[in-house]
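Asker: Copied straight from TrEMBL:
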BINDING   Asp39, Asp324  Mg(2+) binding site
ACT_SITE  Asp39  active site, nucleophile
BINDING   Asp41  GMP binding site
ACT_SITE  Asp41  active site, proton donor
Amino acid sequence: MKKLVYDLLPPGVCNLLNPAAIYANNEISLGDVEIYGFDYDYTLAQYSNLLHSMIFNTARDILIEQFKYPEGLGKYDYIPGFAIRGLHYDVQKSLLMKIDAFHYVQLGTAYRGLKPVPDEEVIELYGGTQHIPLYQMSDFYGKGPSLKQFMDIFSLPEMTLLSSVIDYFITHGIEFDQVHLYKDISDAIRDVHVKGVMYKWIEKDMEQYILHGDEIYAVLNRLVNHKKKLFLITNSPFSFVDKGMKHMVGKNWRDLFDMVIVQADKPNFFTDRRKPFRKLDDKGSLQWDKINQLEKGKIYKEGNLFDFLRLTGWRGSKVLYFGDHLYSDLADLMLRHGWRTGAIVPELETEIRIINTEQYMHSLTWQQALTGLLERMQMYQDAESKQVLLEWMKERQEIRSLTKNLFNPQFGSIFRTFHNPTYFSRRLVRFSDIYMASISCLLNYDVNFTFYPRRTPLQHEAPLWMDQLCTGCMKTPFLEEMVHIR
């Protein structure tokens, strides 16, 4: 059976997915979009992984020097690839873990410090279940009463620092207050951003930190040439954005934009009506005049979406806004204001390259076939059949673990917990019309292109798809044979 499954894989199956493609959750025609909006960090500006090490090291040193944490923490360095985006952290239990769309912890992905917590202990900690009840889960913006969800790419060093500090305390038998520890680390990470340390590193060495500059210019220039209006809403300060955009796009980058809003304080920008817009001069100094119109070529600070809509008249599905943070950038715009939204998910490129490998395709295909066998053969209750079923279940679990480890040894894919979508994945579908690895993916499509989401089977429709497995192009005669098993 295994050989039959492998033989059915067509030769070109390992290059089915394009890492530079745009994927649709909802049907959207770019021809209907007149106005394009962008976030800045990790949307227009993509950063190299070196930045994560710098954030980790600086926040670690703040903990030691300012918060008086043990100097032994200085021996910890950033661990690239330890954490993934979308994880939850239970503050009271000091647990970092991956949760699926149904609020279940994926066993094998719960960590206290840098070490995994046994499955039995996780289940015991949550009262005999893997399920996290709704009242404990994250609120609309990923901040629950006891669980915090890390949705920002900048949160990768924060999760690693959190795990490193806990590891140090546990290893050295030091008691600590979980709530204070979490807050101290959050504050140290925040200081790296708020005090502008991170901005100085990037400004000092743009070549080393910023990726894809030429492609960003090509995207923006192409949209302007097709008479599209462009705007920028970012939480970053003007001087930082100005230097980055000059590096990527050129000194006249502001000519491409109809509106530039900095230090917007998203997500509050989308929900709080109280902050009025303020104008900055060309040097970034604040002006004091009342804002009655938003002018092209001017720079604005703070403000709120309600004034933005009133002053521009840009409403509904003719606006498409791109951002990397599903909560802070996209959720309100889609659910409250009817804008179209595009999620930038840099991890998508790496994950697709893994999916395109022969090892992944063989593992997943056999896992699917094995699941079908288990489902059909479980009706046999004699001792020999039960033994075979146990062996198959064990093999299926081994394959699932292997597949998980291809993406990340600790936590697996950001999109799946074994077969279920992750909590992150469900939010991605809920808050974005389209998603892609980078803004540069737009260059692969005509400005009037219509994105059509693929019809995927609901569970009661699945038999209609039974002649196709994960590749979408394989005939599987063994399933027809299995139909006759009684």
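Glycine too: its Cβ is placed from the backbone N, Cα and C atoms.
What TrEMBL says about a protein is an automatic prediction, not a curated fact.
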Asker: Measure from the CA atom of Asp324 (Mg(2+) binding site) to the CA atom of Asp41 (GMP binding site) and give the result in Å, rounded to a whole number.
Answerer: 8
Asker: State the count of C-beta atoms found within 10 angstroms of the C-beta of Asp324 (Mg(2+) binding site), not counting that atom itself.
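Answerer: Within a 10 Å radius of the Cβ of Asp324 (Mg(2+) binding site) lie 23 other Cβ atoms.
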Asker: List the same-chain residues at least 6 positions away in sequence whose Cβ sits under 8 Å from the Cβ of Asp39 (Mg(2+) binding site), in sequence order, or say none.
Answerer: Leu232, Ile233, Thr234, Lys266, Tyr321, Phe322, Gly323, Asp324, His325, Asp329, Ile344
Asker: Taking the Cβ of Asp41 (GMP binding site) as centre, how many other Cβ atoms lie within 10 Å?
Answerer: 23
